[in-house]
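Can you keep this structure in mind? I'll have questions shortly.
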Amino acid sequence: MEAAAAAPRRPQLLIVLVAAATLLPGAKALQCFCHLCTKDNFTCETDGLCFVSVTETTDKVIHNSMCIAEIDLIPRDRPFVCAPSSKTGAVTTTYCCNQDHCNKIELPTTGPFSEKQSAGLGPVELAAVIAGPVCFVCIALMLMVYICHNRTVIHHRVPNEEDPSLDRPFISEGTTLKDLIYDMTTSGSGSGLPLLVQRTIARTIVLQESIGKGRFGEVWRGKWRGEEVAVKIFSSREERSWFREAEIYQTVMLRHENILGFIAADNKDNGTWTQLWLVSDYHEHGSLFDYLNRYTVTVEGMIKLALSTASGLAHLHMEIVGTQGKPAIAHRDLKSKNILVKKNGTCCIADLGLAVRHDSATDTIDIAPNHRVGTKRYMAPEVLDDSINMKHFESFKRADIYAMGLVFWEIARRCSIGGIHEDYQLPYYDLVPSDPSVEEMRKVVCEQKLRPNIPNRWQSCEALRVMAKIMRECWYANGAARLTALRIKKTLSQLSQQEGIKM
């Protein structure tokens, strides 16, 4: 049986060499065995190949030996006549060669031939041959999806308790995040925790639940040694934003009660791709946008939200001169979604991925090579009409002030006096669509010089009157005429004292 299977394969392997040899110029005529050439001593001559075949039918075996002329070798590299064939009721095995009498051989046969053997594949067999590989591929794909899903579930699962074996020995048992931050701020560095400590914290955090998504990726609530933290997970295409935000957060002397507390930054391999983590303090109220959508605020609540926002921005904008000094920083994407509300009702500024720092010694601005732009709805007039001086750092600070004026308008609308308040709305909600273009905002803000409407009822409350006055002075078309963050902070501090509010 094995010899029979091998014989048909040998001519296929040698055909090219055989055909080439017979076509060489000057080659003599090839003598072959011919079973019909009785007059010529069973010999024939040819310029082509010697041929031998055996045909098996249901009742007999037919042998055939002869010469094949060169003209019949079609195609020349793999002649049809030399190929084995199978028809209903018969199977033919062939062999071609190019040496004298090389076809004087007996080709092996498979024995008695049955009709069933030659019939080829039936419909059931054909279906099985086709369905088999398809099922195998489907099962393989399902297995891959299952494995990937399990990896994700394992990575994001919520264990009953954290594995203490994951902690590294240099963070002693019982140490809290407050202890680590306190040690960092009193050690004199003021530029964030050591990288090894950051990595240790990040890699021993247990993710609990997803609490938000954005263009950068998503935010998770996590736990480290029982303390809740926020984990901002950037997608790999947002690596520049992750690196920039981590870099800004670790600026010397940046830590402030009204700026989101940075804990750690790390890149983690979750088994299928690399995640970029930024770990910070967790604030259960979420963003100011979410908070104002859910709740109205009292006069005291309004002042606390506004004053803490102004305090955070004033600290960002301020340059601290000294050995451990801090450069002035402009946010460039200030809005209610990038401000978080703390448990005590005050705010902290977050999302510093677009921030720029000013080096007063060289008067240069380190504008990050980042493809993102600020939020169009909150862009200042000079940003919308492209007249902003990108080489002048004060220009960026003034654009922040304009945006903060819009945030104050959002807060003041939710201030309830005598049960009266406005529904929450985004600035310019009545003038532009939900996702306005730069051109639509430029037409409203720069050409028509429109600003958010200030309700008449605000004039009946001193606190709302002060807030309205601050807003108008933040919205001037001329950036140089706008208030500074420090001036706004002082005005609101005086207002809080008048209202008897303790911050």
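Note that Cβ sites are derived from N, Cα and C of the backbone, with glycine treated the same way.
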Based on what Swiss-Prot records, which one of Cys50, Cys82 is disulphide-bonded to Cys32?
Cys50
Do you know which of Asn41, Asn150 is annotated N-linked glycosylation site by Swiss-Prot?
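Per Swiss-Prot, the residue annotated as N-linked glycosylation site is Asn41.
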With reference to Swiss-Prot, specify which of the listed residues Cys44, Cys82 is paired with Cys67 by a disulfide.
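Swiss-Prot annotates a disulfide bond between Cys67 and Cys44.
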Let me make sure I read this right: Swiss-Prot says Cys96 forms a disulphide bond with another cysteine. Which one, out of Cys82, Cys135?
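Partner cysteine, according to Swiss-Prot: Cys82.
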Check Swiss-Prot and name the cysteine among Cys37, Cys97 that pairs with Cys34 in a disulfide.
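Answer per the record: Cys37.
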Which residues does Lys391 (SUMO cross-link) neighbour through Cβ under 8 Å, counting only same-chain ones at least six apart?
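Non-local contacts for Lys391 (SUMO cross-link): Ile365.
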Give me the DSSP three-state residue breakdown of the topological domain 'Extracellular' (30-126), ordered helix, strand, coil.
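With helix first, then strand, then coil, the topological domain 'Extracellular' (30-126) has 14 helix, 36 strand, 47 coil.
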Within 10 Å of Cys67 (disulfide bond), Cα to Cα, which of the recorded positions Cys32, Cys34, Asn41, Cys102, Lys268 are there?
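If one measures from the Cα of Cys67 (disulfide bond), the recorded positions that come within 10 Å are Cys32, Cys34.
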If you measure C-alpha to C-alpha, which of Cys32, Cys34, Cys50 (disulfide-bonded residues) come within 10 angstroms of Asn41 (N-linked glycosylation site)?
Cys34
Just to verify a number: CA distance, Cys44 (disulfide bond) to Cys102 (disulfide bond), in angstrom, no decimals.
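Here the two Cα atoms lie 12 Å apart.
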Looking only at Cys32, Cys34, Cys37, Cys67, Cys97, the disulfide-bonded residues on record, which one has the least crowded Cβ, with the fewest other Cβ atoms within 10 Å?
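Selected from the disulfide-bonded residues Cys32, Cys34, Cys37, Cys67, Cys97 on minimum Cβ neighbours within 10 Å: Cys37.
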How many Å separate the Cα atoms of Cys34 (disulfide bond) and Cys50 (disulfide bond)?
9
Kindly state the mean pLDDT of the domain 'GS' (175-204) in the predicted structure.
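Residues in the domain 'GS' (175-204) carry a mean pLDDT of 55 in this prediction.
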